[in-house]
Amino acid sequence: MSERLGCLLLIAVLIAWADASRFKKSDRRGRRLYLMLWGPAIYLGWLFVTELSGPNVDTVFGWFTPAAQRIVHWFEGGAKG
Amino acid sequence: MKQTESVGSLQMAVLFLFFLTGSSIVIIPSPLTSVAGSGAWLSLLLALLLGMAMLAVLLYVHRAGGGRPFIAYTRSALGGPLTWFVMAPFALLLFWNVAGIVIEIGFFFKSTMLKETPTYAVNGMLFLIIALTVRAGLETMARMAALLLLLMFGFVALILVLVSGLYRIEFLLPILPEGIKPILHGAYIAYGFPYAELFIFAVLLPHVRAREAGRISRHLYIALAVNGLTFVCAILGSLMVLGPLTGELKYSLYQLARLIYIREIVERIELVIGFSLIVGFYFKTAIALLILIKLLAALLRLQDEQLLTFPVALICFLLSLTTYTTESATEQIVNVTWPLLTTLAYAAPVVLLAVVLGFKAMADTS
């Protein structure tokens, strides 16, 4: 866990350092959107560090899996028959 | 990135070819052969035909857009709220699309070269290079693409030539032992990955220089044909050497490279070839990330799109570590759910846009 946290903090510091001057030059809207992007990054970082399985993009994709499986089963039905 | 980047039509076609061929050339022969057997190349040709039809729709929308940025003509055709409604899933899927390619590279490294290295270290290094490439901008990437494309295609051709001594034509038969449905199943997989993904190029096409815009259709069709031909060669080559095992062994081109042996001078060259195949993964991810950043900047009406590069790359990096962390789960999404997702999130908005723009054009002429 500490390895993962260390890795993530290092990346965050590097990004903050690399974007600092551009962030200062951007307008208020740009700054607000930039900071908003850190919301999902922090949530995903928390999932990564704690190794928990909270709601994620794959949860959304999972809603479509039953429909996709029905399509695939139709193809597989031909293979078996 | 400059605010108005532009590239030539040939450069755009090279990026398009790279995007379609990139990771797919390593991955696609295995699932296709697994479901369609020796008829995998027929599945690919069917999916390629669908790809041609999708490219026609994409080019129609691009022409109807009159050279304006994708989101600008989408807004004028569909209106602001509907644009958000169709583009939010488009962007969400693109986030995972970028992550998904790196997940595949991670598995490729994990199972072939860097077996003890933690996935986050591999993915982190890749995302660092990818983010820096994207930050260099479209024009720089277009200049890089030609050399990297030659490297990747050169090594693919080299593998297929060097293993030619092992080809056994009889492995190509029978083609349809279990009817047409396995072929259609293979076409379903290849349709989702990579052909339905071509719709994301709607974001990049307006960056073709105005004076070369007339040639873009021809160049993109040629690129798609070259992509199809390369896939067919890779599938046939894998089938003729590995036979039915092609469907069981992942990364069949890499497996072919392992078999290269020429009088103790040329052997165990799979690592050198493996790295050149990685180029395909890397550059495809860079193109997808560039498109995602341009899409987000346009949707959010942001002036400085470079500001988004690192946070968006960080989100994609974390998605690559927190979603589909097992190979079986990734296979499930790519082979089962991905074609449906790309149809709903990539294809449907562009087709809807084509219909609306078509009706508007008819109304204008009458």
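Cβ atoms here come from the backbone N, Cα and C positions, even for glycine.
TrEMBL labels come from automatic prediction, so no person has curated them.
Here is what TrEMBL says about this protein:
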TRANSMEM  B:12-32  transmembrane segment
TRANSMEM  B:38-61  transmembrane segment
TRANSMEM  B:82-108  transmembrane segment
TRANSMEM  B:120-138  transmembrane segment
TRANSMEM  B:145-167  transmembrane segment
TRANSMEM  B:187-208  transmembrane segment
TRANSMEM  B:220-242  transmembrane segment
TRANSMEM  B:271-295  transmembrane segment
TRANSMEM  B:307-326  transmembrane segment
TRANSMEM  B:338-359  transmembrane segment
Recorded stretch, among B:12-32, B:82-108, B:120-138, B:187-208, B:220-242, maximising Cβ pairs under 8 Å relative to the transmembrane segment (B:338-359): B:187-208
Candidates B:38-61, B:82-108, B:187-208, B:271-295; stretch with most C-beta pairs under 8 Å toward the transmembrane segment (B:145-167): B:271-295
Interface present between the transmembrane segment (B:120-138) and the transmembrane segment (B:82-108) (three or more C-beta pairs under 8 A): yes
Among the ranges B:12-32, B:220-242, B:307-326, the one whose Cβ pairs under 8 Å to the transmembrane segment (B:38-61) are most numerous: B:220-242
Positions on the same chain near the transmembrane segment (B:271-295), where near means CB under 8 A and six or more residues out: 15, 18-19, 21-23, 25-26, 70-71, 87, 90-91, 94-95, 97-98, 101-102, 104-105, 108, 112-113, 126, 129-131, 133-134, 138, 141, 144-145, 148, 151-152, 154-156, 158-159, 200-201, 203-204, 251, 253-254, 257, 305, 308-309, 312-313, 316
Best-contacting stretch, by C-beta pairs under 8 Å, relative to the transmembrane segment (B:12-32) and drawn from B:120-138, B:187-208, B:220-242, B:307-326: B:220-242
